[in-house]
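To start, the structure under review is shown below, and the notes come after it.
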């Protein structure tokens, strides 16, 4: 009897899911747009993105449609990351997660209570497809850390790009455990693929992103956390009734930093941060570059390091700047003149005023003490030559 009830409940859940999917596809979803346009009209969802070209930030923004990004983990950080990339018009998104949406996830962003019970990748795909039907969404509902699934994950990221058989352009790690991070790290080291690692602390007041270029910067195994270094099973550290804290603000900021740097990398503008942290308590953003560990436990990392050192280093081109003799501003109402650096200055300083700044001179310079004393002595000598009676006679005659 109980088995029949369970079967009926499963059928009901499936029908509800199909009904919700039908509602999603029929609620005024816009038509697909073949080409991005910079036309400023209310019906153009790309006008403000294409404005980056007009402002000389991005050379060709529409290239984003030729990019494929894999997001591993569609939780608090990953779902917001997928949302932002979808709104930016990314060409293809590949989502990996094996968890389901729960009401406990509602303190974070993106998911809604009516999606509880759905797999995270399915719920995300429905919402993202409605937000921007131009984006190709591919979902994989499995755990990448198992042996069989890892091989499938490896095959997917290396052959599911925009072009058939080509790798994705970037892998974004948005997982919340070290085992999955190590799996992503191993896969990207093996396939020599660039990827971003991200995370939020258990107390929810700090986060970070790290850009990993195999061989050039440190991989996740080069400087592993203590849990990984000691081969501790994370599941043994969890206690019943105890969970990590979670703030949508910290996760939103971390996701924003992740997507911002992903866009800079994909569209080749600005400076991509190798490591960027965030401390909410002091609003501190540490930034640094982590170099590879020559004794890394990942053998593929060591191979990539050797390849990187053998790779020819790019030579920086010196750009000659033409200097014009013409004045920058033709008008000079105040009569300001520039003095060449090689013209000797005539500014002098008296010994009494050694603290006068360079380039300034005193309007009046006091005489030296020696000169003043000589003048006083001379005047004193003149007075001593006349007698008192003679001085009195001079005063009466006045």
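Using N, Cα and C of the backbone, Cβ positions are placed for all residues, glycine too.
Taken straight from Swiss-Prot:
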- 243: active site, glycyl thioester intermediate (ACT_SITE)
- 76, 97, 120, 143, 177: ATP binding site (BINDING)
- 219, 222, 296, 301: Zn(2+) binding site (BINDING)
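Everything Swiss-Prot records as a feature, shown here on the structure.
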{"residue": "76", "record": "ATP binding site", "Cβ contacts under 8 Å, 6 or more apart": "105, 108, 109, 200, 246, 248, 251"}
{"residue": "97", "record": "ATP binding site", "Cβ contacts under 8 Å, 6 or more apart": "72, 73, 74, 75, 78, 119, 120, 121, 141"}
{"residue": "143", "record": "ATP binding site", "Cβ contacts under 8 Å, 6 or more apart": "98, 149"}
{"residue": "219", "record": "Zn(2+) binding site", "Cβ contacts under 8 Å, 6 or more apart": "185, 188, 189, 212, 292, 296, 298, 301"}
{"residue": "222", "record": "Zn(2+) binding site", "Cβ contacts under 8 Å, 6 or more apart": "290, 292, 293, 296, 298, 301"}
{"residue": "243", "record": "active site, glycyl thioester intermediate", "Cβ contacts under 8 Å, 6 or more apart": "none"}
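Binding-site extent for ATP: residues 76, 97, 120, 143, 177, maximum pairwise Cα distance 17 Å (rounded to the nearest whole number). Under the three-state DSSP scheme, residue 120 (ATP binding site) falls in the helix class. Every protein chain shown contributes to the tally, and the Cβ of residue 177 (ATP binding site) ends up with 14 other Cβ atoms within 10 Å. The residues near the Zn(2+) site, meaning same-chain residues not in 219, 222, 296, 301 whose C-beta sits within 8 angstroms of the mean position of the site's C-beta atoms, are 185, 189, 218, 220, 221, 292, 293, 297, 298, 302, 305, in sequence order.
The number of other Cβ atoms within 10 Å of the Cβ belonging to residue 301 (Zn(2+) binding site), over all protein chains shown, comes to 25. For residue 120 (ATP binding site), the number of other Cβ atoms no farther than 10 Å from its own Cβ, over all displayed protein chains, is 26.
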